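Peer 1: I have a structure I would like to understand better, so I am pasting it below and will then ask my questions one at a time.
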Amino acid sequence: MSGKGSVVLAYSGGLDTSCILVWLKEQGYDVIAYLANIGQKEDFEEARKKALKLGAKKVFIEDISKEFVEEFIWPAIQSSALYEDRYLLGTSLARPCIARKQVEIAQREGAKYVSHGATGKGNDQIRFELTCYSLAPQIKVIAPWRMPEFYNRFQGRNDLMEYAKQHGIPVPVTPKNPWSMDENLMHISYEAGILENPKNQAPPGLYTKTQDPAKAPNSPDMLEIEFKKGVPVKVTNVGDGTTHSTALELFLYLNEVAGKHGVGRIDIVENRFIGMKSRGIYETPAGTILYHAHLDIEAFTMDREVRKIKQGLGLKFAELVYTGFWHSPECEFVRHCIAKSQERVEGKVQVSVFKGQVYILGRESPLSLYNEELVSMNVQGDYEPVDATGFININSLRLKEYHRLQNKVTAK
């Protein structure tokens, strides 16, 4: 063992973390490479060989896809989580899941350090490190992109490319096409390079999870999605009878259907927690279908006033996830409250997936608050129309008083 001890590096096999692996060895650390299989398209055995060739003492490949869906994506679906009204939080949800396993490995291997390749300007450094400090405060974090001896040596990607050539590090990225991609089961993100100019449109061929909606099939897929306690438990393709009921298989199937129809693309400028705006392009196929389907069954089954409170909690949940506070007491509290709100969110939603869109076709539930007789225009039911007169009069009092004062002020 070297003098500085062992460090568990969150390793992707890409340019940054490959260079960081070699650099950490230069600094005197024994490097344990940790690859999280979280649903990305990756040759993990090839990545293992690469890490060992670059000098990793050990390599751990951990499949965390199932726990990612059940413990992180499902709470986000229950909460209808959107950051700044558009972002479904694919990367934000993955980071605490990845970091949790990294901490487990560090504790198991007796490593005093963990490390990551997140930049000093982004959100991921915060998400990784807040998770580490929450779960294992005794473990120290090595963040090369915040260390002067690293970032002064590597001013940008070209310096990393040169370093890679010098040390025999094979990397697929070239200076001509250097935008960053980050993929997991839920989504893929694209940023940096020519995308940093928010005016530039996404280059042809950039998207990898979804078909161009204009080239998508000319007939839709009709799906029935069943929910219990706000969580999808079964999906059925009405056309061909395909059915999936385990969390991971269900999610993968929805990714396939949504991707085929070009569902889930967004191009946004968002506010990073650290204080700057950034441009990101995202594909979130299955997450987009489930967002719309869950929203529909929730509105069908949940009391109006409870839902108003829950919507506020959902906004807070999205903010906490985005800013890295998954393991905070307030986020645990919010998740608990949202789970409570979902106890009666049960039923089936029929959707059409077609050329980039998700259309709600119908819904049914044994726990619905919808009363067809009460709302009918043809049946009076347990409702006296004359009662609406008093209801309107009472609600108009506040408006009358407000405008009486406004008229008095204007008259002056």
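Here the Cβ of each residue, glycine as well, is placed from N, Cα and C on the backbone.
So Swiss-Prot lists the following for this protein:
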type    : residues                                                     : note
BINDING : 10-18, ALA36, 115-123                                        : ATP binding site
BINDING : TYR87, SER92, ASN123, ARG127, SER180, SER189, GLU270, TYR282 : L-citrulline binding site
BINDING : THR119, ASN123, ASP124                                       : L-aspartate binding site
MOD_RES : TYR87                                                        : phosphotyrosine
MOD_RES : LYS112                                                       : N6-acetyllysine
MOD_RES : TYR113                                                       : phosphotyrosine
MOD_RES : LYS165                                                       : N6-acetyllysine
MOD_RES : LYS176                                                       : N6-acetyllysine
MOD_RES : SER180                                                       : phosphoserine
MOD_RES : SER219                                                       : phosphoserine
Peer 1: Taking Cα atoms as reference points, which of the recorded positions GLY117, GLY120, LYS165 is nearest to SER219 (phosphoserine)?
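Peer 2: For SER219 (phosphoserine), the closest Cα among GLY117, GLY120, LYS165 is found at GLY117.
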Peer 1: Do any residues at least six apart in sequence from ALA36 (ATP binding site), in the same chain, have a Cβ closer than 8 Å to its Cβ, and if so which, in order?
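Peer 2: ALA10, GLU62, ILE64, CYS97, ILE98, LYS101, GLN102 - these are the non-local Cβ neighbours of ALA36 (ATP binding site), listed in sequence order.
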Peer 1: Compared by Cα position, which of the recorded positions TYR113, GLU270, TYR282 is the closest one to ASN123 (ATP binding site)?
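Peer 2: So, spelling it out, the nearest of the recorded positions is GLU270.
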Peer 1: So if I measure Cβ to Cβ from SER92 (L-citrulline binding site) and keep only same-chain residues at least 6 apart in sequence, which ones fall under 8 Å?
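Peer 2: Non-local contacts for SER92 (L-citrulline binding site): TYR83, ASN123, ARG127, VAL321, TYR322, GLY324.
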Peer 1: Are there recorded positions among TYR87, GLY117, LYS165 that sit within 10 Å of ASP124 (L-aspartate binding site), Cα to Cα? If so, list them; otherwise say none.
Peer 2: GLY117
Peer 1: Compute the mean position of the Cβ atoms of THR119, ASN123, ASP124, which form the recorded L-aspartate site, and then list in sequence order the other residues of that chain whose Cβ is within 8 Å of it.
Peer 2: ALA118, LYS121, GLY122, GLN125, ILE126, ARG127, ARG272
Peer 1: Compared by Cα position, which of the binding-site residues ASP16, GLY117, THR119 is the closest one to TYR87 (L-citrulline binding site)?
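Peer 2: The answer is THR119.
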Peer 1: Of all the Cα pairs drawn from TYR87, SER92, ASN123, ARG127, SER180, SER189, GLU270, TYR282, the residues the record ties to L-citrulline, which distance is largest, in Å?
Peer 2: 19
Peer 1: Using DSSP reduced to three states, classify ASP124 (L-aspartate binding site) as helix, strand or coil.
Peer 2: helix
Peer 1: Using C-alpha atoms, which one of the recorded positions LYS165, SER180, SER189, GLU270, TYR282 comes nearest to GLY117 (ATP binding site)?
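Peer 2: Nearest by Cα distance to GLY117 (ATP binding site): SER180.
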Peer 1: Would you mind reading off the Cα separation of LYS112 (N6-acetyllysine) from TYR282 (L-citrulline binding site), to the nearest angstrom?
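Peer 2: Rounded to the nearest whole number, the Cα-Cα distance is 35 Å.
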